[in-house]
């Protein structure tokens, strides 16, 4: 017994030392990666509790105090929402604390890049505390998460548009034949992929013998948008390029597929319904990994994007200059601290807050009534319409990005 206690103490001490080593190795450059890792950890915890926490939640009095009896899926969804709420509050608090940070000399800059042991402990305490709050708060969070998730998807669309236009401008700016040929080849590949993929959508999601008018409407609408992109981009007044049009066309086609694949497995027009019994842990792992990569990319890109938020102004010259001269080492350190921050810390954390809402909606099927699709990630009619509306919003924003400079020539876009 004494030996076991000593062994447990040694293991705990080793674990603490390992945590301290990892935390101390996080530098200024790797801080964003650490935040991404913490967010990924929240998704893993949500997924694990979604699978195993239902029997435990059923025994907690303040969670089981409701007028009607809920099934197992309700408790699984509740666990995901509570972890998501803790994650949301953690990043929202950081976002509020980082408002107005413009220079690395600001003390809050050190808080953003350091203090990781304190942050991890605070994150754990917030998540644990969420399991002691009443159901009404969690229900309210679920409602606002739908709106926050929609805004996060809109941010993803804006980032994509910024990326494709920047990509096109960079290659055109080289003004060499090789890069023009590269533009044509990439655009051709994207259009071929778009039309081949559209044919597969008709094959998978409009099976013969069934009335699949809704799926046909979704696919045809996407193809109309594809041709509309090309017509507007090649119009002489627009003087656009086919590269952004081809990439956005392929993305809209992917969103259409994602929407159709999210239809309930029992729906007769869903070509994947025959494989509903074959959904395995590996498939869920792949879906979760895709979600993590998408969310992390959006958060990192949006946090440093100048298209969504203007870059912070540089500190005033001579501000905070010491009365006594410094030696070269101190002067160099002072200059390093006086540098303006490279991205908005506050906006960076806001994106993670919205991503917390979005990931919760993915893991719960955008509703607590997950039904027979409760074991699948991002499946259900709410998810279908979210994807389709996102596709239409992408089409609208892309066309607006082409027409806005013509309609408002005096403004800079």
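In case you wondered, yes, glycine gets a Cβ from its N, Cα and C as well.
Here the structure is a predicted model, which means the values were calculated and not measured.
Listed features, source TrEMBL:
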type	residues	note
SIGNAL	1-18	signal peptide
TRANSMEM	31-49	transmembrane segment
TRANSMEM	79-100	transmembrane segment
TRANSMEM	120-138	transmembrane segment
TRANSMEM	150-167	transmembrane segment
TRANSMEM	179-202	transmembrane segment
TRANSMEM	214-235	transmembrane segment
TRANSMEM	241-260	transmembrane segment
TRANSMEM	281-300	transmembrane segment
TRANSMEM	343-363	transmembrane segment
TRANSMEM	384-408	transmembrane segment
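Contacts between the transmembrane segment (241-260) and the transmembrane segment (79-100): absent, as fewer than 3 C-beta pairs lie under 8 angstroms at sequence separation of six or more. When Cβ-Cβ distances under 8 Å to the transmembrane segment (214-235) are tallied for each of 150-167, 179-202, 343-363, the top count falls to 179-202.
Here the transmembrane segment (79-100) sits against the transmembrane segment (343-363); at least 3 CB pairs are under 8 Å, leaving out pairs fewer than 6 apart in sequence.
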